C-alpha cells in the first residue's frame with residue numbers, strides 16, 4: 001500500500017530529473033545534429049533584417065535571444081551541459097556568418113607624451129602643497145587682523 005502512495009511522488013521526481021542536464025550521458029553527435037536547426041531558424045529570421053542593420057543589436061535582439069535559448073534547449077535535451085565547447089563552436093560559426101563585418105570602432109586612448117603628462121601631474125600637486133603651506137603659515141601668524 002505504501003508503494004502505491006509513493007508512485008505519484010516518484011513520477012514527479014522522474015519528470016523533474018528528466019529535464020535536468022545529464023552531463024555523464026552527453027550525446028555530442030545528436031547535439032551537433034540538432035544545433036543547425038537553431039541556426040537555420042536564426043538565418044531565416046535574419047533575412048527580415050537589412051544586411052546593413054546586422055551590426056545594430058537592437059534590430060535583431062529578439063531573434064538572437066531565441067537563437068541562444070534554442071541552442072541551450074537542444075544541448076540540454078541530448079544530456080549535455082550548456083555552454084560547452086562544441087556548442088560555443090557552433091555559435092561562433094553563426095557569428096562569423098552574420099557578424100564578421102561588424103567591427104567595434106572604439107577610440108584607442110594613449111597617454112600623452114611625458115612632456116605634457118609630467119606638468120599635468122606636477123602642477124596640481126605643487127599647488128596643493130603651496131596652498132596647504134600658506135594656510136599653515138597664516139594660522140601661525142601672531143598678529144590678527146581686526
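Cβ atoms here come from the backbone N, Cα and C positions, even for glycine.
Annotations in TrEMBL come from automatic prediction, not curation.
Of all ranges given (94-115, 116-137), TrEMBL attaches the label transmembrane segment to 116-137. Beyond the ends of the transmembrane segment (116-137), by six or more residues, the same chain brings no residue to a C-beta distance below 8 angstroms of the stretch.
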